[in-house]
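Structure first, then comments.
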Amino acid sequence: MRSTKIVCTVGPRTDSYEMIEKMIDLGVNVFRINTSHGDWNEQEQKILKIKDLREKKKKPVAILIDLAGPKIRTGYLEKEFVELKEGQIFTLTTKEILGNEHIVSVNLSSLPKDVKKGDTILLSDGEIVLEVIETTDTEVKTVVKVGGKITHRRGVNVPTADLSVESITDRDREFIKLGTLHDVEFFALSFVRKPEDVLKAKEEIRKHGKEIPVISKIETKKALERLEEIIKVSDGIMVARGDLGVEIPIEEVPIVQKEIIKLSKYYSKPVIVATQILESMIENPFPTRAEVTDIANAIFDGADALLLTAETAVGKHPLEAIKVLSKVAKEAEKKLEFFRTIEYDTSDISEAISHACWQLSESLNAKLIITPTISGSTAVRVSKYNVSQPIVALTPEEKTYYRLSLVRKVIPVLAEKCSQELEFIEKGLKKVEEMGLAEKGDLVVLTSGVPGKVGTTNTIRVLKVD
């Protein structure tokens with residue numbers, strides 16, 4: 001049984017009913033809807049297909065809507081591409097024009113005010129480096145430090161400046177409306193720079209009468225400066241290594257990844273690692289050795305889930321990529337005992353109980369850890385310790401059942417709601433037996449809250465299945 005969860009992007013290659021069904025059968029836990037592409041109707045159809053199939057198959061499969069955010073891009077060119085040469089002058093303008101080798105438009109009107117002489121501007125995922133030498137009301141004049149080819153609508157990064165961009169765009173608001181309409185499990189927020197961005201997203205969601213978890217994508221230098229504050233107000237974190245590797249020196253990405261995961265785990269927030277997980281499999285049927293090693297190291301770092309993007313959205317081998325990721329994850333998990341997280345807030349009762357639950361389950365060689373839960377928080381806290389046993393999260397809440405599909409080691413089980421906790425546990429144990437997860441004579445460690453309120457994990461019990 002694989003503990004690490006797999007998140008896959010649904011795109012042109014995989015948005016058919018048949019392909020989504022095959023992906024669920026291969027063990028995909030969360031489907032990502034990328035709102036950088038496609039319209040409302042197109043994305044709604046994906047959601048409806050996933051919901052229909054997960055109900056049909058009785059699988060805890062979640063849906064994550066990834067909000068595109070305020071991505072800064074260059075405009076269209078007169079030709080397919082232009083080549084910039086080192087030392088030449090190149091201008092960025094806020095006017096809408098067709099660009100050439102001397103000038104190109106950008107979609108951020110405040111850019112000339114936001115940057116200053118000496119700032120670095122990166123184009124095309126950092127492949128082209130510009131240095132600001134002069135600004136006017138509508139233009140930013142630069143000198144090319146590292147040249148290369150640019151095509152239409154390339155990404156623009158300015159790691160040294162605090163840009164005046166809205167954290168949520170009008171397009172994002174439309175897709176928040178779509179997600180709340182269909183009660184998706186998660187929203188991912190792009191280009192988070194400060195905790196206020198996350199709080200603003202949550203407020204937008206509440207305008208539609210819903211409370212849906214927000215996963216903050218850490219992909220800017222500004223986010224790293226306020227990382228702990230962002231983690232505290234987020235419901236999960238995504239290490240978005242693509243833009244992050246442009247905003248900071250690329251050699252720092254591995255260390256920063258470890259730091260983000262470690263801090264997220266301290267605060268018991270699920271973590272997704274994304275970008276170029278199996279990049280070579282977009283074209284090739286087999287991964288590189290480096291990709292396989294990267295997957296294992298992300299799991300050793302403590303990642304709850306790994307995200308495939310173009311590999312499943314447009315790649316030639318989407319199903320093979322899922323199979324490879326699953327196989328590598330299972331193999332890496334055999335050695336997780338050497339990479340255990342033990343840091344926690346010792347002043348927090350729920351955290352201390354969860355830590356003790358891990359220790360007790362190891363000492364007794366228990367078959368399972370069972371966490372009756374309303375919100376899912378107990379299961380998330382226990383999972384961060386890389387426990388050897390599966391964590392069965394018994395919940396009467398359908399939304400929690402689906403959301404826990406993102407959390408490593410957790411097996412969500414939808415259990416019948418009961419007025420008495422003991423009755424709920426007894427029925428849950430019976431269901432666990434029926435699923436083949438435990439049998440008579442097995443020891444299970446159970447941790448829950450009394451009197452069953454959200455966020456009050458304060459009890460541990462050891463039960464024998466009979």
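Cβ coordinates come from backbone N, Cα and C, glycine included.
Quick caveat, the model's predicted, so the values are computed rather than measured.
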(message) Going by the K(+) site in Swiss-Prot, where N34, S36 are listed, which of the candidates D15, D52, D66 is also part of it?
(response) D66
(request) Please state which member of T4, T74, T275 Swiss-Prot lists alongside R32, G242, D243 for binding substrate. (result) T275
(message) If you count, for each of the recorded positions R32, K217, the other Cβ atoms lying within 10 Å of its Cβ, which residue has the minimum?
(response) K217
(message) Within a 10 Å radius around the Cβ, which one of these binding-site residues has the most neighbouring Cβ atoms: N34, T35, S36, T275?
(response) T35
(request) Would you mind reading off the Cα separation of N34 (K(+) binding site) from T275 (substrate binding site), to the nearest angstrom? (result) 13
(request) Do me a favour and check the Cα-Cα span between G242 (substrate binding site) and H37 (ATP binding site); whole Å is fine. (result) 17
(request) Compute the mean position of the Cβ atoms of N34, S36, D66, which form the recorded K(+) site, and then list in sequence order the other residues of that chain whose Cβ is within 8 Å of it. (result) T9, R32, I33, T35, H37, L67, A68, S190
(request) Report, in whole Å, the straight Cα-to-Cα distance of T275 (substrate binding site) from R73 (ATP binding site). (result) 19
(request) Round to a whole number and give the Cα-to-Cα distance in Å for the pair K217 (site 'Transition state stabilizer') and D66 (K(+) binding site). (result) 9
